[in-house]
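**Student:** Before I ask anything, here is the structure I am working with.
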Amino acid sequence: MKKPIGILSPGVALGTAGGAMSSKFFLMALATFFSFAQVVIEANSWWSLGMNNPVQMSEVYIIGAQPLCSQLAGLSQGQKKLCHLYQDHMQYIGEGAKTGIKECQYQFRHRRWNCSTVDNTSVFGRVMQIGSRETAFTYAVSAAGVVNAMSRACREGELSTCGCSRAARPKDLPRDWLWGGCGDNIDYGYRFAKEFVDARERERIHAKGSYESARILMNLHNNEAGRRTVYNLADVACKCHGVSGSCSLKTCWLQLADFRKVGDALKEKYDSAAAMRLNSRGKLVQVNSRFNSPTTQDLVYIDPSPDYCVRNESTGSLGTQGRLCNKTSEGMDGCELMCCGRGYDQFKTVQTERCHCKFHWCCYVKCKKCTEIVDQFVCK
């Protein structure tokens with residue numbers, strides 16, 4: 001049973017990013033574009049909030065601590081203003097970023113690019129400077145993570161400006177079922193995530209038609225795709241009431257989907273992402289006009305992916321040397337594809353796992369520890 005759609009309208013077109021630019025700066029921007037063919041993105045990112053220790057995160061969000069927001073690495077000016085206004089929200093921005101990062105690493109664990117993080121506030125390194133489909137996925141899944149975290153924080157009473165969901169009762173809900181359990185506040189989560197995550201892109205000003213403006217449009221589109229995926233996958237959940245579980249009465253509410261389901265959906269969008277370019281009006285259009293235009297839930301990209309086989313400091317590729325591979329697989333995790341034809345080394349390792357588990361009354365499970373020697377394969 002699907003929920004009613006309240007705040008989203010279908011078919012929002014991709015907008016333009018612009019702003020006036022002096023001729024001198026315009027020429028400099030063009031020179032940068034033709035020299036490097038990639039956008040220079042700020043080293044810091046709000047994603048870095050997801051890399052901090054959760055205990056430390058909760059300790060620094062003290063009401064009235066004005067220096068806090070200016071000290072947080074990775075926030076744009078607009079995001080710092082929102083931080084000052086909604087300091088109790090920032091812990092959940094961090095949790096959302098962390099959720100997105102972990103899901104990215106899960107979805108790409110068997111790919112040459114495995115969503116590795118680096119030890120600085122850019123989080124993913126220089127690879128995000130390229131407008132590739134991997135970058136598209138990363139923006140989408142992190143935006144989705146924020147919607148997820150904020151929506152749940154509202155339901156749990158952690159935020160001062162929101163509470164349980166006030167979504168309208170679905171029209172197809174049986175009349176004798178109650179509507180109004182404390183649901184995840186996805187409306188609020190969506191709105192705040194949009195305001196916060198998009199702030200950096202909306203305050204950047206570049207010449208119409210420049211590569212930088214194309215990246216802004218790409219980022220905004222993929223942010224929205226991530227948010228909509230969370231919104232559209234949320235559904236109605238119900239709990240039975242009645243004597244001996246007879247379920248003669250049900251109470252229902254709006255509930256977020258498991259985030260793995262969101263990650264799976266975005267991974268499918270990654271595989272079918274649309275290649276885009278800027279047209280003469282400064283809007284993103286599909287490179288191949290024979291295909292249907294991407295919807296607001298599809299991912300888009302403007303650059304081909306770099307070579308992830310070898311380490312490259314300029315593109316941020318870490319290469320696949322030293323990565324574990326599956327000798328028997330013919331998929332992306334197989335040694336042939338993962339190692340890019342370079343071959344692999346084999347070694348033996350000892351693995352310990354629980355085994356021979358038995359249930360004892362009452363009430364615990366007791367297991368033994370078993371060890372075995374297994375073969376592992378590592379890319380040369």
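Glycine too: its Cβ is placed from the backbone N, Cα and C atoms.
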**Student:** What is the disulfide partner of CYS247 among CYS238, CYS240, as given in Swiss-Prot?
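**Tutor:** Checking Swiss-Prot: disulfide partner of CYS247 resolves to CYS240.
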**Student:** CYS104 pairs with which of CYS83, CYS115 in a disulfide, per Swiss-Prot?
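**Tutor:** Answer per Swiss-Prot: CYS115.
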**Student:** CA-CA, which of the disulfide-bonded residues CYS335, CYS367, CYS370 lies nearest CYS238 (disulfide bond)?
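**Tutor:** Answer for the nearest of the disulfide-bonded residues: CYS367.
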**Student:** Sorted by position, what residues of the same chain at least six away from ASN312 (N-linked glycosylation site) have a C-beta under 8 A from it?
**Tutor:** PRO306, GLY319
**Student:** Using DSSP with the three-state reduction, classify CYS362 (disulfide bond) as helix, strand or coil.
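**Tutor:** CYS362 (disulfide bond) sits in coil per DSSP, no helix or strand.
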**Student:** Would you mind checking how many other C-beta atoms are within 10 angstroms of the C-beta on CYS379 (disulfide bond)?
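**Tutor:** Around the Cβ of CYS379 (disulfide bond), 20 other Cβ atoms lie within 10 Å.
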**Student:** Could you tell me which of these disulfide-bonded residues, CYS247, CYS252, CYS325, has the fewest other Cβ atoms within 10 Å of its Cβ?
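**Tutor:** Across CYS247, CYS252, CYS325, these disulfide-bonded residues, the one with fewest Cβ atoms within 10 Å is CYS247.
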**Student:** Let me make sure I understand the structure: which of the disulfide-bonded residues listed (CYS162, CYS238, CYS363) has the fewest other Cβ atoms within 10 A of its Cβ?
**Tutor:** CYS363
**Student:** Cα-Cα separation of CYS367 (disulfide bond) and ASN114 (N-linked glycosylation site), in Å?
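**Tutor:** With the alpha carbons as reference points, the distance is 34 Å.
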